[in-house]
Amino acid sequence: MANKLKVDELRLKLAERGLSTTGVKAVLVERLEEAIAEDTKKEESKSKRKRNSSNDTYESNKLIAIGEFRGMIVKELREEAIKRGLDTTGTKKDLLERLCNDANNVSNAPVKSSNGTDEAEDDNNGFEEEKKEEKIVTATKKGAAVLDQWIPDEIKSQYHVLQRGDDVYDAILNQTNVRDNNNKFFVLQVLESDSKKTYMVYTRWGRVGVKGQSKLDGPYDSWDRAIEIFTNKFNDKTKNYWSDRKEFIPHPKSYTWLEMDYGKEENDSPVNNDIPSSSSEVKPEQSKLDTRVAKFISLICNVSMMAQHMMEIGYNANKLPLGKISKSTISKGYEVLKRISEVIDRYDRTRLEELSGEFYTVIPHDFGFKKMSQFVIDTPQKLKQKIEMVEALGEIELATKLLSVDPGLQDDPLYYHYQQLNCGLTPVGNDSEEFSMVANYMENTHAKTHSGYTVEIAQLFRASRAVEADRFQQFSSSKNRMLLWHGSRLTNWAGILSQGLRIAPPEAPVTGYMFGKGVYFADMFSKSANYCYANTGANDGVLLLCEVALGDMNELLYSDYNADNLPPGKLSTKGVGKTAPNPSEAQTLEDGVVVPLGKPVERSCSKGMLLYNEYIVYNVEQIKMRYVIQVKFNYKH
């Protein structure tokens, strides 16, 4: 029943159906139940039509199947038995009897290449295939790689993806070409029987977001033949040799290989989208953690939430599972965006189309059957959105590695995940001076221009990262240390708390950062709160209050992408805004840290482009987390 699902589960189910995910739980339940009822009605109607027609064809199909079996030689009968998951021992008579009985039970013709069409015909941009509801399917993992979710169950039960040494014969290929309206995938796997006696080659292809067509070649008696077919197909589709894939070179109108992170080989296990189980399945009160901490960990370590957030911003987690994202894929995403940033001001439409296609090839998106021309990355705003997406994927890549041990194997998964963060969280009581100071700072610095929502503190924690305390020591008595806000997507917090705030990598485009690549802070709460990207349907947010050693600041009125090249003697950049907390109302803590919690006042000089101040440091050693604030957004409209 829909009402038994949790809110994040309801949103995920609705997103899978392409329905709105906004609203309170009661609204979500009603929306999902209506959709389920409509689906049931359609299925009943379809089944009724099928029954009326299938009764006439059942016997004829069965006779055709049995007739084909009788014309096969022993080797062909054995191959057919393997495909059906049947015993392959015995004489021709035994095999024939076994297959005929199976035909009587399921009434299907001999299993040949699924859908019967060779992939050379390609996907025709996917327009001839109806887009069906794609559900999250439980995939089967044996060893390093996950068997494709659409491989027949009888094959899954007996086969695994072949691995020889460091070579895992599993490839996901992607090709997006904006001008030709292509957004397609190609899956390629060598399957080895669990008995290691037979081998098959599985392929599936189509437009991103649909099941597509598939083909199963074999079985073969040795892996040599299967590997030959696999490597030839890989070369045919990508114009690269499988043996040289680590130095992969993309070619126009060819597929690109998406590198997967296989990690260490694990025991056979079913996995959901090949990402770790969600901690939200465990009730916080069942953990030995303080209930407040346990609730927070269940929020930020919720993989369903991560998948949902990424789906909402267009990422296709079914094509490149969140748990298998490699660092090289993220780097490639940044590299393409960097090249886009270099031509975006010239507005070279043809080049922007080419580069947008290259980005969507590396970072798969599900656009359904919309025209690809709608999704060209041709404005600074669109570029910024994609940079933020890749940043989020980078944080998720860290988080999924952090949570990679199946919490089901742990007595207390929430406690296990908390330990993995290596960040101490101490709850702060609502009646404490600290809580009052933070609440005051938050309330006073909520800008008038951000009046579409109010925010309340759900939980407040003192944060302690040992590594930060040690490296910050050199700045602990320096002048101009301030307590400043930093907000980020909910998907990012497992990575941030475990690794600290980090600076964008060299391959990221500098144009995505107004004052160069650094860590950005604000003295206005709502400016940072906007970077939580909460909404009416997902109104949880998390922010940091950090002690930041600013030293002498390089004050700028206008953006400067090269501001990270600080003038001699300067330790940080301040983007000067038109409105800022009243400095005369600031509070200084016992250790000398300044808290700019005064009510906003306007600057006498109106020059500049920023509404509010921004503070940027380019050395993470100048940052020390002080508080983690979990908040609830209450939207007025």
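Glycine is treated like the rest: Cβ placed from N, Cα and C.
Among the features that Swiss-Prot reports, DNA-binding region is placed at 1-140. Confidence for the DNA-binding region (1-140), expressed as mean pLDDT, is 58.
Residues annotated as compositional bias 'Basic and acidic residues' in Swiss-Prot: 35-46.
What Swiss-Prot records for 106-117 is compositional bias 'Polar residues'.
Swiss-Prot lists 118-127 with the feature compositional bias 'Acidic residues'.
The annotation domain 'WGR' is assigned in Swiss-Prot to 158-255 on the grounds of sequence analysis.
What Swiss-Prot lists as domain 'PARP alpha-helical' is 286-404. The domain 'PARP alpha-helical' (286-404): residue composition by secondary structure is 82 helix, 3 strand, 34 coil, according to DSSP.
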**Asked** Which numbers of helix, strand and coil residues does DSSP report for the domain 'WGR' (158-255)?
**Response** 22 helix, 44 strand, 32 coil
